[in-house]
Each structure stands twice: as structure tokens, then as C-alpha cells.
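Encoded as C-alpha cells, the structure appears first; notes follow it.
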């Protein structure tokens, strides 16, 4: 009997669930989620019901919502419903309708659990879903994570029906005269999951009638292997990753290329190191090892840069380069803050020990207003401690600045020229001397 097996499964796999644990069941109105509600109620679990109306099937979607609301009312359960313009969201984010629905529902579920004090989210995934997911991942090309199927516990999301088949769930519903809603889109082969469900799995069942059981065993073994690999992956990250701190620009996570190449399988290590940062074109990532310095790749969240003998990983947003390229600083200002960081100005009587983050200038040589701007090709200055003038591009090359560091370099200028390459070198034409009468101390911080 499914109820007995379900309750035994709860005690074995979810012993932390008690009558005081608040659970939010996500219910579409279909067979699986409706049966999940009945099993939870029969097992004495404290549940509320959340339903998403994705507005993809017109009146049918509205009827689903009414059905789920009635189910909650019939069992005196708290009910939450939200309507989404799923098609518009998918178009805006250039993703599939299915991915859009997934993003929307899980974002809302997490908000709802926090707002209403629920401990866990329940979904109605079962063993057929697990097999379908495994086959979908194989057809797309996947690594070991994709072969590990659907996890029973993922953060605060619990999948209580995972060991049970759709057939067993259906038989339980029939035996207990449970009604549910049929989603007409499930009959269409337009979705990959449906095509696999309708055509691939039936053929596999002809070859191996117990395919659900053998697939479950495989997934369990893979999940155990993944647990071991996760330990080794962390060891690899500890061994190869090291931070690159800089006064200018974002902090980078670096990998020493010669050290990486010394590993017997450097490409496998690269995959482990960078798979969680959104990169998908792995051949391009591998080619970075032999690419020229300055070659870079982008994911939606990160930038991977080849800089001489290192790979440097930086956080990245497409909008990170603010449209503001310069800031005006008027005379007598004491502090100014912008995208570049913060500058402090103070009149002083004497020159103290000079730090990398400060300079002393002769105020009489400064022609206000000052500006802070990004550098551009053709810029030059007269470096303190050196003879003659130098182009910034040559200065950056001599200082071995990475592409990212150069992009994040700002200049403090007056109406005549560059006063300071912030965080690097000042222009000697403005430098204060021992006999300077008007001293201005300028301090820079990010």
C-alpha cells in the first residue's frame, strides 16, 4: 500500500519532519501533486498549498487554479496563488517557456516560505520524472552531475515521492477515488520530456521491464560518487585557486597555468574549477591555456581572462561598465565619491610618510575644477621619480597590468593634465616639495 510505504519512507529519509514542521506543497492540480496532498494529510503533516497560474492554456489554466483552491478549502489548508505572464517573461529573458515557468515558480515559492514561515517546499517529483530527467540530460550531453538525477533534498526543497512510480501513484488515486486535473499539454510531443515519456521509455520498458528500478539504482550509485567527488573538487580548488587582491578593480581568483599543466588531466581540472561559474563552451575554456595573453571568455556572471601565465576569474555583469566616464570635482571640496571609489582632500602643513594610497601636491599648481575620468588611448603623463613623459599604454605595459586592471583604472586630472593615475603613480609636475607653501593631501580608497 502506497500510504504505508510513503510513511515508512518519511521515517527513513526525512526523520526531521515532525507535526510541527511547516510544509508548503506546490500543487498544480495534476495527479502527482494532488495525491501528494492526500498522502501528507493522511500522514499528519502540517501543509499549506501554493499554486502557480502560468496563463499558458487560457481557461484551462484558470480551471486548474479553481480546482486547487477548492482542494485546499475542502481540507481546511492555507492557500496561496499567483498569476504569471510566463510568455512575456520567457521572451524578455530569451529562455524557453518551461525554463521561464521554473524560474518564476521557484522564486515565488522561496519568497512565500520566508514570508509565511514555512520550513520546507514540497514538490511531487516521482521515479518516472527522475528517469525522464536522466534521459533528457543524456540527450543534451552532460557530466556526472547530470547523471545523478533529481535530488530528494535540495536546500529547503523536498521531493517525498521520488521512490514511487507514476503507476503506483495512479493506482492509489483510483483506489481512494481521488480526482485531479489533466494538463492537455502533457499529450503533446512538442516538449522533449513528453516525447521521451511517450516514445522512449515505453521502448526501454520492453527491453527492461524494471527500468525504473535499475535507473533508480544507477542514480543512487552516481549520487554517492558525486558526494565523494565533491570532496575531491574542494581539494582541487584549495590547491589551484588563489586570490589576487588589487587596489584597482575587482578581486580575482587566479590559477597558475604551469602548475595546472603539470596535472595529468588539466582539462578535467579546468572543468571542476570553473563549472560553477556559468561557462558552457568548454573547448574555448581549454584553449585559453595556449591562448595569447589578453584572451578572455564571458559567462552571464563571470569573466575568465588569460593574463600571461595565469587564468584570472572576475565577477562580471553586462551592465558593469557604468555610462558615467568622468566626475567633476570643484575647489574646496573635502571628499568625493563615485564609481571609481572615494577621494579625500585635506590641506596640511607638512609631508608625512607617503603611502601608496595618497599623494601630496602643490595646490598652487592645480587648475580647478579637477575631474576623475577613465583613461583613453593617447593619454600621457610625467611620472614621478622618472625623467621625461610616458604614454599610459606604455606605463601599463611596464607595470604588467592585466586587461581588467587597465579597464578599471581612473585618472585624477586638472584642466592642464593628469595629476594621478589613481592607486599607481602621480605626475611629478604637481608634486609637492619641502618648500611648498600650499600642500594638498589627496587620499584614495575603493
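The count begins at 1 with the first shown residue.
Every residue gets a Cβ built from N, Cα and C, even glycine.
All annotation found in TrEMBL is predicted automatically rather than curated by experts.
Marked as ATP binding site by TrEMBL: 28, 29, 30, 31, 32, 33. Here TrEMBL flags 370-442 as domain 'Lysidine-tRNA(Ile) synthetase C-terminal'.
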(Q) Centre the Cβ atoms of 28, 29, 30, 31, 32, 33, go out 8 Å, and tell me which other residues of that chain have a Cβ in range of the ATP site. (A) 27, 34, 35, 124, 180, 181, 183
Q: Just jot down the residues in the same chain as residue 29 (ATP binding site), at least 6 apart in sequence, with C-beta under 8 A of its C-beta; none if empty.
A: 51, 64, 65, 67, 68, 71, 180, 181
Q) What is the number of other Cβ atoms found within 10 Å of the Cβ of residue 28 (ATP binding site)? A) 22
Q) Do you know the DSSP helix, strand and coil residue counts for the domain 'Lysidine-tRNA(Ile) synthetase C-terminal' (370-442)? A) 15 helix, 26 strand, 32 coil
Q: List the residues of the same chain that sit at least 6 positions away from residue 30 (ATP binding site) in sequence and have their Cβ under 8 Å from its Cβ, in sequence order, or write 'none'.
A: 124, 180, 181, 182, 183
Q. Taking the Cβ of residue 31 (ATP binding site) as the centre, how many other Cβ atoms fall within a 10 Å radius?
A. 22
